[in-house]
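These notes concern the structure reproduced below.
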């Protein structure tokens, strides 16, 4: 493959923001007919590198060559004119237009009286057919097809401009296995036509299935370029995060189960807590310094129980005892006042506030508990923000950067920092490691253990059973909106234990099915 002339050569790319060097002398070379993965943990510089190649960011140093010609992109149009097309995780198409109109947008066929829509849709059909998408009618409204199909339409649109380079940024994050298979079939067609594909994904299985070559970044620096087939997974992980896979596997490995002393009272003790149509009545107790895992399949009631504990949803049954006193946690404000915090599973829509800075996102919940007419003094605010950015290793270390410009893992850290700033006694974390890379995931798992060791009660909700088992002292197992078991975690408990419990328990009787 290396006997081909490269389509793109990026050398010594450096991009600086105020007080932060996002990229520091990074190289990237893309070859025709290859799928090339850009690898690195969240915050490594992958998105910044893509934005340099697509003209979103101007580079401070370095050079970009496309087809042997030096390029200086002053915007995305310059990059498109050079043959670089991008399909983002959130497809940037016009849902009010048809499939064909989206494919040909900006390249419509014209006649003597303006756009010839018949010829435009015929041309769109041709481009769709070239990619094996003959089944899609170009007249179909884009809004009526799935996200997966919309991504394929976006790729067809890239082919209209005769793209030399196709950038796919996390295209599989919302796809099921069949949709991923269809996407990969299209990617292979595009690759075999001579296009260079730059692929970004945090799914290692997919990386090893579809890519030919890897470039690894870490902390904004170039680490290495390797061939995928020659690179063991543990070696790749080590290059991405600066730690070996063996080191990561030790997180939680020596964790002793938190033993409850006789007469000790829980932080939270709920009896028969439920909400009709949401989750059946549940008993749960959570002690100081204890990690309680909520495990179950999608729709089991994990999130619903977490929301009831926080007051995000109002229960219609049960009692709630907090530090030995009966309370009514009926809304999030009351929960915060009682030192209960909840980090949502949907961090983008319900968690972070993208247009606000890192500083503002960390401070907003604490300010809410004090009231808007009692602003946090600047010296105190600076100390709080600095403390949690350092403790959680938020990168880039720029508190005045809009949080939407951070990677997913760093956004999650900011969200956790927001709740830690309120000094909770109970922290409910719903899917805190979803959609982030292995390095950030390991950091957040370690944070959970550290918080528990400091005496905080933690509810850990995750669809990844392995991390529930690794981190939890007790595991509440849910199925079909019922609590079906409580497992005291020890060396005999594994993912298989939970799976067997779910598979073999009748939700109505609580006994083996």
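Glycine residues also receive a Cβ, built from the backbone N, Cα and C atoms like all the rest.
Here Swiss-Prot flags 8-244 as domain 'ABC transporter 1'. For 40, 41, 42, 43, 44, 45, 46, 47, the entry in Swiss-Prot reads ATP binding site. The domain 'ABC transporter 2' annotation in Swiss-Prot covers 262-505 and is backed by sequence analysis.
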Sequence-distant neighbours of residue 43 (ATP binding site) in its chain (C-beta under 8 A, six or more apart): 219, 395, 396, 406, 407, 409, 410, 440
Confidence summary (mean pLDDT) of the domain 'ABC transporter 2' (262-505): 92
Residue 43 (ATP binding site) in three-state DSSP notation: coil
Residue 44 (ATP binding site), number of other Cβ atoms within 10 Å: 28
